[in-house]
Amino acid sequence: MEADSKPKKSGARLCCVCNQNRAALKRPKTLEQICRECFYAVFEEEIHQVILENQLFKPGERIAIGASGGKDSTVLAYVLSELNRRHNYGLDLFLLSVDEGITGYRDDSLETVKRNELQYGLPLKIVSYKDLYGWTMDEIVKMIGLKNNCTFCGVFRRQALDRGAALLKVDKVATGHNADDIAETVLLNILRGDIARLSRCTSIITGEDGPIPRCKPFKYTYEKEIVMYAYFKKLDYFSTECIYSPNAYRGFAREFIKDLERMRPRAILDIIKSGEDFRISTTTKMPEQGTCERCGYISSQKWCKACVLLEGLNRGLPKLGIGRNQGLNSDGSISARGPVVFAQTKSTQRINFSVSTL
Amino acid sequence: MACNSSTCKSSGCYEGYEAEEQAKSKTKAAVNGGNSCQNLCVKCKVNEPVCCGIGGENSRFCKDCFKNNLYGKFKQAVTYNAMITPPDKVLVAFSGGPSSRVVLQFVHEMQYKAQKNYDANKDKSLPVFGVGVAFIDESSTHSFASQHIEKAIEDIRLIVSNLAPPSKELFVVPIESIFSSDGIDGKERLKELLDAVSDVTGKEDLLIHLRILLLQKIASENGYTRIVLGSCTSRIACHVISATVKGQGYSLSADIQYVDLRWEIPVVLPLRDCPAQELSTLCSLDGSLKIVELLNGPCSGINGLVSSFVKVLQEENPSRECTIVRTAGKLTPFHFNRVPEIHDSNVPSATRRHQKRYTLKPNGSLSSDSFCPICNSPLKKSNFPSSLRSHGNQKNPDLFASACSSCQFQILPKDPSLMEEFLSLLPQQMITKAKHRDQGAFSLLREQIQEFLLSDGENEI
């Protein structure tokens, strides 16, 4: 399979779907040469089918779209409102953004989301770290430096999204995780030995036992196609990387996936299929779900991860909750026994309720 | 799971990451070093250490302790999984590389000890297992000079003849002899077959499937009861990732266990817990472990990409391969990965005791009776009928419509009109195996309706 065909000769090829218009692009997923209109059609139709087959939504539900202003969530907001109208899903859609308080990054991207609110006519709710936790990411980074800051951000964002969703009284949150993200997560979970996450990272709906489930309508949608869609539709999105995340580790797996995709486009779908098919015994013990004694959020421990991290911040012990030695004594006091391990995210990921983007 | 057993947990998996953390390593140095042990082997505390294993500073062993440690991992895998029992005749697949060189050496040492015990024992009650060596010559699929391969084969003969007593049979078999029962020119046929596969990765994988098939053939024709492969942790880690990438998540757990009874002759992997790096270190330390350099073209395609990915990961964290294999080890294995119960009184009772503790727990939902006719991987039931449906309407109601999705994509031709020709190129052994399986399934069906059938003959149906 040729990686990149020669520069297209104008008018030489017709779209292989409609056979009428000139092919304008090569579909990253299948390498078919198709025209722009057919691309929109297949792109939207595939997502529609995924929604139907997996029964992601029920008529009358209130759905929050996790909106960061980036390409994935912008396209998701656009496509979902389009499909909702076209196929009469009967959904009430909302945009839900988290303001981490990162100057030069989130403030700009939130401007994009605010424009999207008007463009797509979807009500927007913004929840901020400052309001929820009393700390902005800028302040946290100032205190703890650029190591482990993503642990804080990840733990806080997960909870912030849930709180925002609760405020909006929605039934479900839809996130813009795409096929590349999921394939990457499958690989990362293998690399770090996390069998529990490996077993659930490919589920299209998660947290069904919790108060507000989440779903990933883009589970089978290639990142390249999302970019292509946003590009051709001239959607308004924000494309700067977070200034605090030069995350080399995840980036490395991503690079590997891009290489694979170049060699064999279906590799991304194959990885997801593998992830779905892994024979993971259902009797493998999973952590018991309880609630945090402090804030009432779901937690497998006495205190939820966010509260442990927050307590550390407020008491000036930011290393609390990072690493495997974090914990709570039976009397409710927090202790960091032994040497505090300052490893990479890897060791924190071992703990079942820590950072989880998926 | 595997790595838990030995060095890995203590030295590698967890602490590797933290090594970069300066504060941590300083405290560690204060604990470890600062005394006279600094320059002595951490195990025997007598000899000077010579190498660093995967655990970096934690495993400064002297040469002997290093070798004993590796041999220990090998022996543990062999004992716990009853890989080699006294009445067995094992065929070691030897490629000339470090892993298979070490496995050959270890099997030899085990046999040598058994022989000594046998000689010393008056009643000669425990027989000594037999060992054979098989080298598959794949030079016909490459294009390098034939002198080189002749020299390599000469070296291999020398290695094997030096591993005596007890003496070992050596089989040097060209890969194309997989077609020998078809009564045709194997070389030509092999070339045609490989040319018919357009995908680079598919070609490579097909060659691997042919290789294991040929090993099966050699073993069964010469009365061997086990095939020993030198697949090391690194190799298995690469397989885990590449199988995932190829969409073989379901069958993956079948390929990475110590024991694989899918085949007529069981295949065992005693080096599952030994990383490649340690094996090559051993080869370079021990002058007698000569490696045969063979220019087996580097992996290309998906496999090549995966192995360079894993290599970089391993450099970043020396226990990464171990973690990958351990993760995959947590996937549920298949029933054919279970070590068969041994009631033979010839088997040492220690082995039987271990076995009781370590055999995989039976799982009700395990049975999977259909296998891909090309790669022999178990098929997921829900995937099975759909693949039949899509291909079943063809004129050729072939067994190969039931190939796994990965083989369908990367090995079988996409154009259905080319299918018949492609199938005619496959070795007879593969086809009969598939047919046999199919009939097995058929007779299973028949069994279910047996009481309603009026005639006993198969032929009437």
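Keep in mind that glycine also has a Cβ here, set from the backbone N, Cα and C atoms.
Computed from a predicted structure; not experimentally measured.
Record features (TrEMBL):
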- A:63-246: domain 'tRNA(Ile)-lysidine/2-thiocytidine synthase N-terminal' (DOMAIN)
- A:GLY66, A:ALA67, A:SER68, A:ASP72, A:VAL98, A:GLY176, A:ASP181: ATP binding site (BINDING)
- A:290-320: domain 'Cytoplasmic tRNA 2-thiolation protein 1 C-terminal' (DOMAIN)
Distant-in-sequence Cβ neighbours of A:ALA67 (ATP binding site), under 8 Å, six or more positions away: A:SER73, A:THR74, A:ALA77, A:LEU95, A:LEU96, A:SER97, A:VAL113, A:ASN116, A:LEU124
Close in space, distant in sequence - A:VAL98 (ATP binding site), Cβ under 8 Å, 6 or more apart: A:GLY66, A:SER68, A:ILE126, A:VAL127, A:SER128, A:TYR129, A:ARG157, A:ALA160, A:LEU161, A:GLY164
Packing count at A:SER68 (ATP binding site) (other Cβ atoms within 10 Å of its Cβ): 22
DSSP-assigned states of the domain 'Cytoplasmic tRNA 2-thiolation protein 1 C-terminal' (A:290-320) in counts, ordered helix, strand, coil: 10 helix, 4 strand, 17 coil
Maximal Cα-Cα distance (Å) across residues annotated as binding ATP, namely A:GLY66, A:ALA67, A:SER68, A:ASP72, A:VAL98, A:GLY176, A:ASP181: 20
Other CB atoms within 10 A, centred on A:GLY176 (ATP binding site): 23
CB contacts for A:GLY66 (ATP binding site) [other CB atoms within 10 A, all chains]: 22
C-beta crowding around A:ASP181 (ATP binding site), within 10 angstroms: 23
Where A:ASP181 (ATP binding site) sits in the secondary structure, as DSSP reduces it to three classes: helix
DSSP three-state assignment for A:ASP72 (ATP binding site): helix
Nonlocal residues around A:ASP72 (ATP binding site), in sequence order (Cβ under 8 Å, 6 or more apart): A:GLY176, A:HIS177, A:ASN178, A:PHE218, A:GLU223, A:ILE226
Reported mean pLDDT - the domain 'Cytoplasmic tRNA 2-thiolation protein 1 C-terminal' (A:290-320): 82
